[in-house]
Amino acid sequence: MISSLKQPTLASNGHYIPRSRSLVPAPTRHLQFLLSANNGRNSIVSFSKPLHIVSPEPFSTSFKKSLKHEKEQFLITCKAYEAEKSEPISESPVAKSEAARRVKIGIYFATWWALNVIFNIYNKKVLNAFPFPWLTSTLSLAAGSLIMLISWALRIAETPKTDLDFWKALFPVAVAHTIGHVAATVSMSKVAVSFTHIIKSGEPAFSVLVSRFILGETFPPSVYLSLIPIIGGCGLAALTELNFNMTGFMGAMISNLAFVFRNIFSKRGMKGKSVSGMNYYACLSMLSLLILTPFAIAIEGPFIWALGFKEALSQIGPQIIWWMAAQSVFYHLYNQVSYMSLDEISPLTFSIGNTMKRISVIVSSIIIFHTPVKPINGLGAAIAILGTFLYSQVIC
């Protein structure tokens, strides 16, 4: 390749008009520079190896002064190094920033999945020994609210700037979030964790149906086709579940529907709101806690809780306290990380990450709790998850 740099010429009005730089291919691997030095002599530098060329250095002060003299020539300095040398090209700030962002997203995903797996394990342990899903759900929201209040008080996290309109817009989101959270917990108290998450992988089907028949939105045929493996896989898994329970099945289905409305209300009500993902989920937890607490007391009540806790304590021992604390804390942490990741990634990437999260939860829960799975049941789960992945590809 031959590269030539031509000096600018002086126009009649005193302004300099730079001539174009040209890059033309050469039949050989030689690279030549023809530079005009201040002394008027031409110097040729020839290299037999390819060179990487760095952009010319900024014009110096002395160069600017030389512009006053039309006939005065000047030297443009270029830096280069041989391609076969091991010295790397210094990475641009943009490339470094993109690489750091990708590492950050990877850490978010790994943390999100790990925390979700841990939560589901402790949550199922608690529900097996202390089958009170309404209180368990309340404790999860209470732990998250307490964590964030302490973080704001100690200035570990920035306190969100909210107003009345913010809380009005958040209220329907919190109602849907509360219903979805309790319904999922009720489901896991009745059936295996893996079964609940297989049914919950059908959430995209609810999203499309609600958007189509209630909101009047239309979708391309590919979206509707992607629902076939989701619905078919979930149906196959439900029909072949060894420990099927209608309450558990309906809890997962209601949770799907509630979370679809939560997403719809969130998109409509939070436009233009400048609140970070972490603080948004913190406010959502606090409002959901206020909504859920009176219902939990009315449906289950402190008297039943006391009897149940006494029995669990006699069977499990003080370890039950750790399990309850762990499931509450990890519930908040995994949701907080997922909302934080939304600040960094697209909806498509988040949807794919959510699909992979369900796979990790299903597999880990089957291994840890020794859940019996028939081959046809596993096939149904695989088909449903594949359909969810295909949906995430065509919807965005």
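Counting begins at 1 with the first residue displayed.
From the backbone N, Cα and C atoms, a Cβ is placed for every residue, glycine too.
What TrEMBL annotates here:
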{"type": "DOMAIN", "residues": "104-392", "note": "domain 'Sugar phosphate transporter'"}
{"type": "TRANSMEM", "residues": "105-122", "note": "transmembrane segment"}
{"type": "TRANSMEM", "residues": "134-154", "note": "transmembrane segment"}
{"type": "TRANSMEM", "residues": "246-265", "note": "transmembrane segment"}
{"type": "TRANSMEM", "residues": "277-304", "note": "transmembrane segment"}
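If you look at the transmembrane segment (246-265), the same-chain residues 6 or more away from its ends with a CB under 8 A from one of its CBs are 172-173, 176-177, 179-181, 183-191, 195-196, 199-200, 202-203, 206-207, 210-211, 215, 238. Under 8 Å from some Cβ of the transmembrane segment (134-154) lie the Cβ atoms of residues 123, 126-127, 181-182, 185, 189, 279, 281-282, 285-286, 288-289, 292-293, 295-296, 299-300, 305, 324-325, 327-329, 331-332, 335-336, all in the same chain and six or more residues away from its ends.
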